[in-house]
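Engineer: Summarising the annotation, TrEMBL assigns active site, charge relay system to Glu437, Asp441, Ser639. The Ca(2+) binding site annotation in TrEMBL covers Asp682, Val683, Gly701, Asp703. Residues annotated as compositional bias 'Polar residues' in TrEMBL: 351-363. Annotated domain 'Peptidase S53' per TrEMBL: 368-722, in sequence order. According to TrEMBL, the region 'Disordered' annotation covers 332-363.
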Amino acid sequence: MTIICSILIELIGRRKNLKLDLFQCSGLLYLRILQEKWIHAVKSTRQSTGSTLPSYSLLSGPKTIVRQSRTLRIVSLQPREPSHMAAPDMSPRKTSEWFLMHACHKADYAGWRTTGMLTLFPHDLSVSDERCLASAHSRVYSALLDEGKRAPAGPFLEPFNMLPIAFLSLLAGLFATAEGAPHERRDSAPSGFVLTSSVPPTDILPFRLALTPQDFSGLERTLYSVSTPGDAQYGKHLSLEEVQKFTTPASATLDAITSFLSAHNLTQTRLSNGKNWLNVNMTAGDANMLFGANYSVFTHQETGEKVIRTLEYSIPQELEGHVQVVHPGTTFPQHIKRSKPKAIPSPPPTATSNHSTRANLPSSCNENMTPACLLELYSIPTALAPSKDSRLVVTSYEEEYKFLQQYRSDLDPSTTFTLQTVAGGKNPQDPNGIGAEGTLDIQMTVGLASGIPVTLLATGESNLLDPVGFINSMDALLAESNPPQVVTISYGWDEDSIAPALASTICNSFAQVGARGVSILVASGDGGVSGGHANTSCTSSDPFLPVFPGTCPFVTAVGSTIYNNETAAYFSSGGFSNVFATPSYQSSSPYVSNYLKTLGNTYKGRYNASGRAFPDVATIGDYVAIVYEGIDQQEGGTSCSAPMFASVVALLNSELLAAGKSVLGFLNPLLWSGKFDGALNDVTTGSNPGCGSNGFSAGAGWDPVTGFGTPNYPKMKAALGL
């Protein structure tokens, strides 16, 4: 087919005294037309009628040469209705002004998406409005061809008016599938977002390209090796340079990226510390062309926040196999509603009689879980950690001083944490700073991990909005010469709301950091089996919704319990991933298969039995005492649980270091090896309802509500030989 078209093009080129060639780029077919053409954009002082916008005219003449190449892009996209906007019948100059006003400045052509025929795109124009005008011409030209009409006359269209429209239509039909299937695609924006406008083609957008690492499977094997008790490499964690040997792209990928950037006059702005995330800025027009996308502005109706996304994009053909993800892509920010902490009634209510309590715990702990309750519940030592080389990282900050005065008066009230900002992260020093989530995480870790140095890692993007925050934080930790040994993350996404390719690349970044000896603990989610938060739209006919990043096999997911006797929390998210397969540390152990045998055919078809099972562990997650806005209050959710378990791990690391041993690092191979059997408090009652069901039930051994259970510090310490 390509040969036939090439012959036709050659014949027409000779007849019209043009140089034409057919080539493929980005998985699309292009017809390049070379003709000497002097073009210059001149700004007029005259205003268009009824408009405050300046008028422009395009004049031929020896003013400046923009570029002699004009590219006709033949694409095949999902057909849409012909444009509702038709160009008025006027002179070429008036037509140009009309398109400039309506298509560029008013940004009305978001709906003029190419309908399956032709798109004209001039490259590298030296005047921004000229470029915008050209893009507008191209969209309308395509729409008019779809309707069987001639394109309006205009300087940018002159070279193509010499070619028979029938021939161009023939080419479009012959190569209707040249673009191939999109790399990512969604039918519509998620609930709560509405399309606001197109992005002007000249606007500069920041992009990140996830490059294919040359040997990620090798990194995964090494991660498991250094994290599995009994392995000869156990505890021999990697340096940054050793990680980079696995994650740096192969030379073929680097060559392809270099050629791509050069061909399109693009320059990388940054390469990640793992050498596998490339930052590059480009115009919206270039991005739409190169990625077969339609980047537009979407507004979240409740918050008013605006984001730029596309409903689909493709990986350029020359980058296939070299680029795994383009971000921003089809993953929208997820708006998470968080209620403020609840004020504690004074005096606290007494515990209800039907909630049994553990020995030595006051009944008031059922209604107000203070650090004293937690320290007693899990037998956590109150003495200062024996080694300050053990470090812990959290992601938010607020009001720790009053909390220590109130609940840990035995600690030095000047106890604090270190702030580290990444990618434009903020340093809020007021009560309205990062908020309740940060207050909770900091107070739980500083209040429980006595004497452990704690660092706040503030990233430029909020994880509540954009998963790129995960990338920033992991990239920063990866490069540290002495990274903190424990990280806690209290943010999550419904797994179906993040593109699988993006989730996989973020998950892989956790593996990189884990290989350096870092334990990453994440909240499993607060919606039971209905996702990260209670989701009433999930019904009995819907599949269960797992929560990322808890489903990533390279993190330790932490669920929740309630009450002193530790019943599984009804909100504790858990289940099986629809994106990540069962990791080897789970498939080689009997725990998941035992649970599935007990479950039988219950919920068959509503979960993926061959997916990564989560959570791994749990801690208390309700009626947790904090100080917020200067007032004693309470918080709940797995966001409480993750920093609690992280504090336990940090204290164990301190004891290991004091004994001259290696830190725990990636926890899951250890947890699933059976070495901790009996060292965790097994939770056997409760369930996590949602989606019109009772959800999964807690049971003996591992279960998808509380994992292996809650910490018992002395037994965990003994299991580690301390």
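Cβ coordinates come from backbone N, Cα and C, glycine included.
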Engineer: Take the C-alpha atoms of Asp682 (Ca(2+) binding site) and Ser639 (active site, charge relay system) and report the distance between them in angstrom, rounded.
Structural biologist: 20
Engineer: Translate the DSSP assignment of Val683 (Ca(2+) binding site) into the three-state scheme.
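Structural biologist: In three-state terms, Val683 (Ca(2+) binding site) counts as coil.
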Engineer: Would you mind listing, in sequence order, the residues at least six apart from Asp703 (Ca(2+) binding site) in the same chain with a Cβ closer than 8 Å to its Cβ?
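Structural biologist: Within the chain, Asp703 (Ca(2+) binding site) has Cβ neighbours under 8 Å at Ala568, Gly574, Tyr595, Val683, Phe696, Ser697.
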Engineer: For the recorded Ca(2+) site formed by Asp682, Val683, Gly701, Asp703, which further same-chain residues have Cβ atoms within 8 Å of the site's Cβ center?
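Structural biologist: Surrounding the site, in chain order, are Thr684, Ala698, Gly699, Ala700, Trp702, Thr706, Gly707, Phe708, Gly709.
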Engineer: Whole-number answer please: how many Å between the C-alpha atoms of Gly701 (Ca(2+) binding site) and Ser639 (active site, charge relay system)?
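Structural biologist: Given the Cα positions, Gly701 (Ca(2+) binding site) is 23 Å from Ser639 (active site, charge relay system).
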Engineer: Counting Cβ neighbours within 10 Å across all chains shown, tell me which of the binding-site residues Val683, Gly701 comes out on top.
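Structural biologist: The residue with the most neighbouring Cβ atoms within 10 Å is Val683.
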Engineer: Along the domain 'Peptidase S53' (368-722), what average pLDDT does this model show?
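Structural biologist: Mean pLDDT across the domain 'Peptidase S53' (368-722) comes out at 85.
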Engineer: Which of the listed recorded positions (Ser639, Asp682) has the least company, meaning the fewest other Cβ atoms within 10 Å of its Cβ?
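Structural biologist: Sparsest of the recorded positions Ser639, Asp682 by Cβ contacts within 10 Å: Asp682.
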